[in-house]
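**Q** Here's a structure for you.
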Amino acid sequence: MTSVSECFQSLRDRKQCGLIPFITAGDPDLETTAKALRVLDASGADLIELGVPYSDPLADGPVIQAAASRALRRGVKLEDVLNIVKGVQGDIKAPIILFSYYNPIFYRGIEAFLEQIKSAGVKGLVVPDLPLEEAETLLKPAAEMGIEVTLLVAPTSPIERIKAIAHQSQGFIYLVSVTGVTGMRTQVATRVEDLLKSLRNTTDKPIGVGFGISEPEHALQVKNWGSDAVIVGSACVKRLAQGTPEEGLKAVGEFCQRLKQAIQ
């Protein structure tokens with residue numbers, strides 16, 4: 001399993017747009033999550049975002065909130081999530097990026113949290129509610145441990161703030177395509193194209209676009225606008241939760257293949 005930066009460099013060398021599916025750990029259950037990581041990897045995922053269930057997920061829309069609630073009701077904890085990551089080491093090529101809110105990190109202690117996720121094999125970290133002003137407290141120790149912390153750029157951010165975020169973000173820059181929470185939308189905001197151009201003038205770091213991408217044609221549109229990767233969350237979580245675990249795995253695998261075909 002390579003680092004996040006190495007994966008993006010490989011994509012760039014091959015002139016390819018990356019696919020980053022997101023799933024919530026523990027939904028519908030831990031065993032299915034482990035299988036889903038393998039299925040996504042085999043179905044074209046270049047990197048995989050794995051969400052740690054949290055009781056107050058402010059950035060998440062109804063689909064991911066519901067998945068997190070189901071996982072929490074089953075008693076899923078960070079340790080369970082990391083055991084899954086450990087269990088798939090050697091089976092998958094795609095680096096795993098952990099998606100966690102800041103409170104569980106702060107509660108455990110930054111150093112202890114980072115040591116835990118590093119030993120499990122996590123390569124990257126996205127913390128949606130991490131303020132830029134406090135980012136250094138996490139970025140510095142994470143970098144020393146080889147974990148890349150990716151920061152989010154909101155479409156409403158002033159240009160100076162965008163520059164500051166782009167400068168500090170590690171691995172890639174996570175461009176939020178819409179204001180508000182994650183979720184499936186019928187179209188991708190055309191403002192994303194302008195934001196991508198603005199970011200390109202600011203940094204040469206890879207850019208991944210997420211929030212609101214729910215169809216292969218959305219992924220292709222974002223790729224054509226110049227994104228280095230497309231991030232698809234709610235649409236994957238919804239499919240994985242459909243029917244039996246076996247049906248969910250089949251649905252999310254086929255969807256991932258369709259997304260990959262669209263951007264190749």
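Backbone N, Cα and C atoms are what each Cβ position is placed from, and that goes for glycine too.
Okay, these came from Swiss-Prot:
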ACT_SITE  Glu49  active site, proton acceptor
ACT_SITE  Asp60  active site, proton acceptor
**Q** Kindly assign Glu49 (active site, proton acceptor) to one of the three DSSP-derived states: helix, strand or coil.
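**A** Assignment for Glu49 (active site, proton acceptor) reads strand.
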**Q** Does Glu49 (active site, proton acceptor) have same-chain partners at least 6 apart in sequence with Cβ under 8 Å from its own Cβ, and which are they?
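**A** Long-range Cβ contacts: Ile20, Pro21, Phe22, Ile23, Ile96, Ile97, Leu98, Phe99, Val126, Ile231, Gly233.
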